[in-house]
Amino acid sequence: TNSSDLSPSFFILASIPGLEAAHFWMAMLLCFMYVVAVTGNCAVLFIVKTEPSLHAPMYFFLCMLAAIDLALSTSTVPRVLSFYWFDTREISFGACLVQMFLIHTLSAIESTVLLAMAVDRYVAICHPLRHAAILTNAATAKIGLVAMARGVVFFLPLPLLLLPLPFCDSRLLSHSFCLHQDVMNLACANTTANVVYGLTAILLVMGLDAILICLSYILILKAVLRLASWKERLKVFSTCVAHICVVLAFYVPLIGLSVVHRFGKGLAPLVHVTMGNIYILVPAVLNPIIYGVRTKQIQRRILNLMHIHNN
């Protein structure tokens, strides 16, 4: 019979059996992606702050996304790099709970901001004359505060529900960082309350947001199809392409990670570790690139900065 400890001192982060020799190069790839994510998102924040023409709700929401991606990647990647480069596989119980809270809360905030951006596109296309009156700068700031409060309220209970649980001898996680379901599976007790609350929180935040985003785009599509010419339709709908790409970059890894957790117990450790890293880093890397490519104002500002630097 495995012994248990009511308050474990540490957990062990997942390695990939047989690929220990490749840890250095895996860390180099992660480090490169992290540098790209930090550089890109900091550039977005700087450009929007210094360019008065970008002081509009759409770009303020983009700044929120950039700040969330910076916080999310910074709360995980340095610890993962420490593991790969220096073989520091242990993470304390308290640090694990804090990291878990940050990952889930920041993901919930990002989901809410993506919904707000979908509503912004809906109002801009379907009610253009009322857009400035509805989505003011003050309203945008309030939406940001609501997004933060929503994430904290829904996901703060997750680590709190884990605190009283006894844990078995096994401390080995299936990812290079801490997630609720991963830690919960190591408990030697009934985790029904954790399962029910975790699933409820995800459905009421990410699940509901995804449904409302889809509904927003159904209404946008109906409005676009009422336009007279295909040229007009493509021009109007093209304003949504960047947001659609960002939504997919967020939800596809989230769904993939959820599927791996739910049905992938027999999968190789490489799949779990890879899906976890994709979920953490890919949106942070892609979001500034997508908006940099699709937004002419940001492109122009970047080119101006590069021109000034070259001179």
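Numbers run from 1 along the shown chain.
Placed from the backbone N, Cα and C atoms, the Cβ positions cover glycine too.
TrEMBL does not curate its annotations; it predicts them automatically.
Taken from TrEMBL, the feature domain 'G-protein coupled receptors family 1 profile' covers 40-291. Mean predicted confidence for the domain 'G-protein coupled receptors family 1 profile' (40-291): the pLDDT average there is 90.
According to TrEMBL, the transmembrane segment annotation covers 24-47 (among others). Within its own chain, the transmembrane segment (24-47) is flanked in space by residues 54, 62-63, 66-67, 69-70, 73-74, 77, 80-81, 84-85, 277, 281, 284-285, 287-289, 291-292, 298, 301-302, 305, which lie at least six positions past its ends and keep a Cβ under 8 Å from the stretch.
Here TrEMBL flags 59-81 (among others) as transmembrane segment.
Look at TrEMBL and you will find 101-123 (among others) tagged as transmembrane segment.
Beyond the ends of the transmembrane segment (143-167), by six or more residues, the same chain brings 4-6, 8, 60-61, 64, 97-98, 100-101, 104-109, 112-113, 116, 180, 183-184, 186-189, 191, 193-194, 197-198, 201, 204-205 to within a C-beta distance below 8 angstroms of the stretch. Taken from TrEMBL, the feature transmembrane segment applies to 143-167 (among others).
Listed by sequence, the residues of this chain that lie at least six past the ends of the transmembrane segment (195-220) yet keep a Cβ under 8 A from its Cβ atoms are 104, 107-108, 111-112, 114-115, 118-119, 121-122, 125-126, 150-151, 154-155, 157-158, 161, 180-181, 184, 237, 240, 244, 247, 251, 254, 258. Annotation source TrEMBL lists transmembrane segment at 195-220 (among others).
Here TrEMBL flags 241-264 (among others) as transmembrane segment.
The transmembrane segment annotation in TrEMBL covers 270-293 (among others). Within the chain carrying the transmembrane segment (270-293), a Cβ under 8 angstroms from the stretch's Cβ atoms is held by residues 14, 16, 19, 30, 33-34, 36-37, 40-41, 43-44, 62, 65-66, 69-70, 72-73, 76-77, 80, 103, 110, 174-177, 179, 242, 245-246, 249-250, 253-254, 256-257, 260, 264, 299, 302, all 6 or more beyond its ends.
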